[in-house]
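Feature annotations, reproduced from Swiss-Prot:
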- Asp223: active site, proton acceptor (ACT_SITE)
- 8-24: compositional bias 'Basic and acidic residues' (COMPBIAS)
- 33-55: compositional bias 'Basic and acidic residues' (COMPBIAS)
- 56-67: compositional bias 'Basic residues' (COMPBIAS)
- 68-77: compositional bias 'Basic and acidic residues' (COMPBIAS)
- 297-306: compositional bias 'Basic and acidic residues' (COMPBIAS)
- 307-324: compositional bias 'Low complexity' (COMPBIAS)
- 328-343: compositional bias 'Polar residues' (COMPBIAS)
- 94-293: domain 'SAM-dependent MTase TRM10-type' (DOMAIN)
- 1-77: region 'Disordered' (REGION)
- 291-360: region 'Disordered' (REGION)
Amino acid sequence: MENQDTEQSQKRSGSEVEKDDFKRQKVVVPEGMTKREYKRQLKQQRWEETKDEYKQKKREKKKAARERRKERIKEAEANGETNEELYNYHQMKRAKVAPQEQIDTDVKIIMDCEFDSLMNDKEIVSLSNQITRSYSAKKHSTYDVQLDITSFNKNLKKRFEKAIPQYDKWTNVTFVENDKLEDILPMDDKQALSKYVYLTADTDEVIDTLEPHHTYIIGGIVDKNRYKNLCLNKAQSLGLKIGRLPIDKFIKMNGRQVLATSHVFELCCKWFENDKDWGKAFNEVLPPRKVKGKLTHGSDPEKSIEPSEVSEQPVSSEQSEQPVLSEQPVSSEQPVLSEQPVLSESSDEPSDEPSKGADH
C-alpha cells in the first residue's frame, strides 16, 4: 500500500506540487485590501511567473496534435479512403483562404464600445476576443460588411495595445476614438439618423432584411445580463430606431434572447453569404444545440427538422480565449487568461469559440 502511495506521489507534476504549496501559504492581507483582492493579486503574480512555460507546453501539444492528424490523413489518402476527418481537413484549409475580392453590401456595422466602464477586466478581455473573431469573419466573408469599432479609447484600447498590437494592421476596419456614440451620429439630420438602427434583444421589432445604406449598431458589452435594457434605453435617448434579429424563429434560449457581439456580426455576414436567408445563417454561426432545427427549406421554421432530431453538442468553452487581465486559473493546471489573443499559429485568425453576454 505504501509503495502505491509513493508511486502516486512521484507521478504528481511539479506544477501540482507548487499549487498545493501555494494553497498552504498563510495569507497575510496587506492593509487596505480585502482577502479576495489580495488572493487575486497573488494568482496574477503566479500566472505572470508561469505563463511562458504554460504557453510553450500548449504550443507543443497543438503541434503534436497537428502531426498526428496529418499522419492519419496521409494514411487515409494512401489507402484511397475518404473519411470525415479528411473531408473536414480540406474544408478547413479552404475556409482559411480569404477571398481576393469582396462584394460590396452598402451595409455598415458599428460596435458601440462606450460601455467600457461597466465591464470588469475579464469581460474586457472577452470583448476584445469577440472583436478579433468578428474581424476574422469579415476578412473571410465573400461580402464586404463595413465595420467600425467606436469609443475605442479606454480599457479596451489598452487591452488591444498590450495583447493584440497587430490590430492597427487590420484592413477595412475602422477604430474610432470618440467619447460618446452621438459624437459620430448625424444628430442634426433626422433623415440621415433614421438610417441608423440599434440592435437590442429588448424589442419586438424584428429585422428581416439588412437594408443598403443603413448602419446597424451592436452594443459592445459583455455583462452576463447584469444590465437590463441597456442598449434599448441608450437607443431611445438618442432617438434611434431599434430592432432585433429573428432569434426566436431559429434558436432556443432560456430567458432573454441575447447573443454575443461576435455572433451578431457573423450572422450579418452569413446572411449575405446565404442568399439573405436568416435560417441558414443561424445554422452556420451558432452551436448546433441552440438551433431549433437544421433548415432544409430556406428559412421557414415550419419546414425545419424537429429540435429532437438535431444532435446535441456542447457549446465551446471560454477557456481558449486566453485573456490578459485579471488572470485566474480555471483548474489546477490551466489559467484562464493569457498575454495573446486567440490566434492560430499559422495565421492571424482567431478561434471560433463563443463568448456570451452582449445585449443583442
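Glycine residues also receive a Cβ, built from the backbone N, Cα and C atoms like all the rest.
For the compositional bias 'Basic and acidic residues' (68-77), the number of residues in each DSSP class (helix H, G, I; strand E, B; coil) is 10 helix, 0 strand, 0 coil. Mean per-residue pLDDT, taken over the domain 'SAM-dependent MTase TRM10-type' (94-293), amounts to 91. Neighbour density for the residue listed as 'active site, proton acceptor': within 10 A of its CB lie 19 other CB atoms from the protein chains shown.
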